[in-house]
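Novice: I have a structure here, written as structure tokens, and I will follow up with some questions on it.
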């Protein structure tokens, strides 16, 4: 037993990997995004690596230029229900939006998988960014909810969901065969919620799980996103390009959590990274080049044209540089753009690199190289106040996860930075996050 | 290979069983309604018995007099996702209502479990009967949808869901690494639905499963329910008290299906039954008495008081007979009441028996006795034009299912009435129901 602070690790599982052209790699299984056996193997690999979390993203709309891995994909809550049976320890986090479902339904789905996994579930709360309105049009709405409004709804949504999760006190079910008393009606509670967005009476028809509630995860990077997540999130997921940005975000965000009256140590900040691991620097660079080479001119330009609506890409190839089209000077509202804007301005990357950046599979040079270099970067960020842990967004799968588990995890373990065995059973135990008390219990205490 | 018509079997899986007092039996596991390992064993037992279907019911609200098995239960879609990994052949049917969720979400959840189970999923379509308004109040509504209105919504809901399921033609995903073509945009379709209840553009972000669509199951017994289900259902689930009622329903319903322009042989009618199996008639009767004895006066009277709102039960015990309170003459709109009304009038049962009838775990005398008698009744109903198969609603679990699998199934097999091995892989193959063609494919054919 050691009280030493350790790195938290989450694996972002998505078909052939984060990189949009990863399906074209010789070893890639291009039908994997809808292959349940493949996902079970991924989750088992992450569990072999003693990861805290297997993470499943989501979206509620697609179009012709969507990442191939998301066109034909599992719904994440049903997916983690299936992965629960193929694993025994790893936490399973599913993404679900608060903008297009009733809180009663989502509260149930999530608590159900938390029981199915015996307390290993987590919910990555999103509000769904939908500038094109593609998602809204799948749900009978003409236009998407305005940004801050979405977070107001999310805040009330969370209030309802967490209330419903407490419908039954932990000792409500007496189940006394002799007397015929199945439950104590004093310990069954209705939230009687009625506010701006929702009216929900309760109770929920499922009780609390072995970890009380699923763990709440959030990736809010906008202002309203941060002020929302600081109120509720137990794990924060962010993507920063370099140590300085990561450290600044870490410090600022922990401050916001403290300002919200919560203990900053109870909130884990995971930094997303897309490492490219080779036995040497040169081999890793070669891997990266190979991946980039699979982005076709047509796909790349078509994505960028769709993304930067006001820019005319006619006559340019993916080898053109960002400044030729003024991409670093744009004033776009998209948060993934703002996140990368400084990098685009500072590094003046090729359009091919801009495309990789925006599609989330391009980290800085610190993340390309042999396993020791990756471990060094992780240690520097972790020990230097820039991260409590990391979200592995492997550019290609399954190799990117397997290489990390086989080559980087042992180094972290040797340095005492990461567990060698699971010590707990639930996701909250892995993360060292307490079971939330039942809001109704104190009344009778 | 034989072309002989065979019985279809479905097992209704619910905690300690259909009987509301089943949790009090000495062998009952009263926490089973929320025990995933228990449900896996149930599904495996049904699979050992070569059942076509493991069936999971649902409700979206509870109150103090709800059946103990439904107070704290899994959400059925996540549950069948988990059961898929614990079984290899049996079909998995989850209940979900069309009244309280967006069609895009439900289309996705169901198609996702159909992929997770490799084509073994089914959807029991319900519209949610909610006379008390308990469910409506969990979803921001003051009052429940009026009955026929609910079925209008359901019909449009189905139109949207089935359209979304066809978003991708079966050969849409080219996945040609060489050329970089992942899919053929000509084979991606948007339904562009806009009608009375829903506006949904599509496409769905998941393609068709190995069986095309999940199998559609329905239990509509009311008039508007029947005219709806005759349009869409592939399996019908009904509960009739005796052969005459079952035969009459069977004949009439097949007629309605034919009137709707569909082939009546493509729609399987499963009759629900709650057998009590003993090695002798006397032993079975003893078991039944034991079960009834566990209904406490308080629970029973409280349920009946809640059920028959206008009747005053003060001063009566559960040994009173129906005619003392005029229960057979009532004009209640509830379909489960109307279903049993004739029985209540004709047999003048005790209140204890009325309670059992209404809570769904009381079949006629033909279903109480040794295994041969149960098999005889099944054969008579099946061969006599009253059933294509049966829904086993065991009064107590797991024993009611185990006894049936070990003692009744072998008799049916010996008589050539039931399979000895699964011949197919998907639920549609088990049932002999064709894969629905993709509505968009003919355009390009």
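Glycine residues also receive a Cβ, built from the backbone N, Cα and C atoms like all the rest.
TrEMBL entries are annotated by machine, without manual review.
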Novice: Since TrEMBL lists A:95, A:147, A:151, A:222 for FMN, which candidate among A:52, A:58, A:259 does it give for that site as well?
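Specialist: Answer, per TrEMBL (FMN site with A:95, A:147, A:151, A:222), from A:52, A:58, A:259: A:58.
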Novice: What kind of secondary structure is residue A:222 (FMN binding site) part of, going by DSSP in three states?
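Specialist: Reduced to three states, the DSSP call for residue A:222 (FMN binding site) is coil.
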Novice: Helix, strand or coil: which one is residue A:95 (FMN binding site) in, per DSSP?
Specialist: strand
Novice: Using a 10 Å cut-off on Cβ-Cβ distances across all protein chains shown, tell me which of the binding-site residues (A:95, A:151) has the largest neighbour count.
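Specialist: Max Cβ neighbours within 10 Å, all protein chains included: A:151.
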Novice: Compare all C-alpha positions of A:58, A:95, A:147, A:151, A:222, the record's FMN binders, and send over the largest distance in angstrom.
Specialist: 19
Novice: So for residue A:222 (FMN binding site), how many other CB atoms are inside 10 Å of its CB?
Specialist: 19
Novice: Just name the most isolated of the binding-site residues A:58, A:147, going by other Cβ atoms within 10 Å of its Cβ.
Specialist: A:147
